[in-house]
């Protein structure tokens, strides 16, 4: 099972994305986001990225999602919508589940059948090594490279985040 | 809006387009598009009424979908070629998806439905930025991937855009919708020649931006957003009336004016590549465009449009000072003799 752990985790990842894309109330969307964040962290860790997985838990789940949860709790309504309370929401959720099940069967059962992509079995999702080449771990080197060779990326993404805050404040300010 | 914030957001729009045009890594290009989209939303929403908010929402939804399609095409390209640099796109699927994404960003048919509605809902200055500056970034990417675009899809979209741009503009009296349909048609002309000679796409883009800039400046100067209010300019500034005439005829592509230059070059380039029916069809469909421009000139400059007697005098507000209007007008009407200088664009 450990060779297919990434595949299983990615299926749970997609199912939880379907869970919040079918738009229940934001509280339940946040709940499913926690699950998907944890599972995503598991996927990254299986490729040897322990630092990045920790980042997901700390910053994404422990910072951003907590703030989101508090603001949603302030703005919540008396009877929030669950997946089974509204026919539309349940319908979209079941549709998403059905599509994921069909995709999984397509990946597992058929050898080399191509529609737009050639799925040759489970392929990239099965891990056979950890990706450590030599003495240094690849992933920490990647993070270090972000701040040396990728300084322009850091500047651009930092500026985008600042402008994102300004834009959101400007749009919600009203007159 | 606070002037400092407004300046920052406007500079971010510029920065986003610059990043798209300057990058060699697909991810940076995507980041540039997203930065551009994010920063232009408050500019579209400068006045807070429900119409601008609806227009900004529509713009955001369509452009975000296009960015997602672009990201998917980038990842498929990465899967098949293993590298992130921008050369040609190595996989036909990725190329088709990328062309569709960029067509959605430009407003080519069949993804043109957002252009008139968004342009109508926002103020004239925001519409100006939307229809000129926002076209630069997707067009630069199309230019860079032009060797690998599927020709059938590109030419179909181009011809249909010219048709829709001409036909859709026929029933309009609102000036912003007319400019939107004119933008759709011009984008069609630009993408038609993209696979044959991309330099002409750049030439057409340059002249289109100058002419659209001029038209919008003239509209802003006379504060008019409908044909009826434009037809009163003869009373307030008669010179503007003549300039509207000249610029509109230039946009329609009539010979002694500079709008003829890109159409002439494009038709010549297409016939050099042995396609005769296509440029004939395109030229015939450009007549639809010319018809509604001429209807505007007829009601504005050539006749006194019927209105009640107390509407004939426009209230004399303080004249807005429009920067660069005279040079723009000159450039959008008198550039035709400079056609041999085309070789500097190469």
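Cβ from N, Cα, C; glycine included.
Copied from TrEMBL, the annotated features are:
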type	residues	note
DOMAIN	B:23-285	domain 'NADH:quinone oxidoreductase/Mrp antiporter transmembrane'
TRANSMEM	B:26-45	transmembrane segment
TRANSMEM	B:57-76	transmembrane segment
TRANSMEM	B:96-115	transmembrane segment
TRANSMEM	B:151-171	transmembrane segment
TRANSMEM	B:202-220	transmembrane segment
TRANSMEM	B:241-261	transmembrane segment
TRANSMEM	B:276-294	transmembrane segment
DOMAIN	B:290-342	domain 'NADH dehydrogenase subunit 2 C-terminal'
TRANSMEM	B:322-345	transmembrane segment
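Ranked by the number of CB pairs under 8 Å to the transmembrane segment (B:241-261), the listed stretches B:26-45, B:57-76, B:151-171, B:202-220 are led by B:202-220. For the transmembrane segment (B:57-76), the residues of the chain that approach it from at least six positions outside its boundaries are 26-27, 30, 33-34, 37, 40-41, 44, 84, 89, 91, 93-95, 97-98, 100-102, 104-105, 111, 114, 117-118, 121, 130, judged by C-beta separation under 8 angstroms. Through the fold, the transmembrane segment (B:276-294) approaches residues 155, 158-159, 162-163, 165-167, 169-170, 172, 178, 182, 185, 188-189, 192, 248-249, 251-254, 263, 266-267, 270 of its own chain, all at least 6 residues removed from its boundaries and within a Cβ separation under 8 Å. With a threshold of 8 Å between CB atoms, the same-chain residues lying at least 6 positions outside the transmembrane segment (B:96-115) that come near it are 33, 58-59, 62-63, 65-67, 69-70, 72-74, 76-77, 89, 134-135, 137-139, 141-142, 145, 149-150, 153-154, 157-158, 160-161, 163-165, 180-181, 183-184, 187-188, 191. In the domain 'NADH dehydrogenase subunit 2 C-terminal' (B:290-342), helix, strand and coil residues by DSSP number 33 helix, 0 strand, 20 coil.
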